[in-house]
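Per Swiss-Prot, the features are as follows:
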TRANSMEM  6-26  transmembrane segment
TRANSMEM  28-48  transmembrane segment
BINDING   HIS130, HIS134, GLU206  Zn(2+) binding site
ACT_SITE  GLU131  active site
TRANSMEM  140-160  transmembrane segment
TRANSMEM  181-201  transmembrane segment
Amino acid sequence: MNNLKVWLLMAALSAILVLIGGAIGGKSGALLFFLISLGMNLFSYYYSDKVAISMTRSRPVSEEEAPGLYDVVRRLTKRAGLPMPRLYITPSPQPNAFATGRNPAHSAVAVTEGLLRLLNQSELEGVLAHELAHIKNRDVLIGTIAAAFAGAITMISNIVQWGAFFGMGQDDEEGGGGSFIASLLLALIAPVAAMIIQLAISRSREYLADETGARMAGNSGGLANALLKLDSAARRIPMQVNPAASHLFIVNPLSGESIARLFSTHPPISERVKRLNAMAI
């Protein structure tokens, strides 16, 4: 089912790029952006994890730097029958984490500096088990591709809107009116892209990752306590992250910001904690 959603997501986001091309350059623009979208589909499938790592400014971490982190991940992956993912540190004081990659054999888990400082052993195990559950359930590819495409669409929209702004002095015969209309069309692209992301990444996958992760860790209380801590910290400690990648994290890193609601795919923390506590593992 997730493989079908990946292809549907690629097709939908490619269609958005074609619409952008058509708004900019008519049929030739639409054709150009169609070819670009084909290239992006191939790139995002094989390299979207690297895009996600780059968007969050995460860096590789060695076992010498974080032996405790490696120990927990190695123990959990062995228990779950998963290969060892690449591990990264995200330079942010906000405690958070995410997983990325196209399949279990090509996966990565990133944790923030703040997460390693805040959580105790049981809570850290719960968070890492949740991220490994996303890998085990093969949720990470669709989330990572969505982040890569949404980031690209946002960048293209910004470039074209700046071009339209600086071309406002032209008259309609010189194309100024067309550029302005294109910029108005592009202003509608971000909500559409966000809606597609919300449809593609079901909140039920977060609930399933919570449940799978709790069983993997053998303790539902650790993840429940961690979610409460992370949610509280996310409201107090800002995180500089591209909104297009916010859905990758275990809790919304943009809590309290209006744009966070636009891109939010996170179910309420209170409901997630309630379900975990009901498991009583």
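Every residue gets a Cβ built from N, Cα and C, even glycine.
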CB-centroid shell, 8 A cutoff, Zn(2+) site HIS130, HIS134, GLU206, site residues removed: ALA99, GLU131, ALA133, ASP139, ARG205, LEU208, ALA209, ASP210, THR212, GLY213, ILE250
Nearest-integer angstrom distance between the alpha carbons (Cα) of GLU206 (Zn(2+) binding site) and the residue listed as 'active site': 10
Local Cβ density at HIS134 (Zn(2+) binding site) - other Cβ atoms counted within 10 Å: 26
For the recorded positions GLU131, GLU206, the one whose C-beta sees the most other C-beta atoms within 10 angstroms: GLU131
Long-range Cβ environment of HIS130 (Zn(2+) binding site), under 8 Å and at least 6 residues apart: ALA97, ALA209, ASP210, THR212, GLY213, LEU223, ILE250
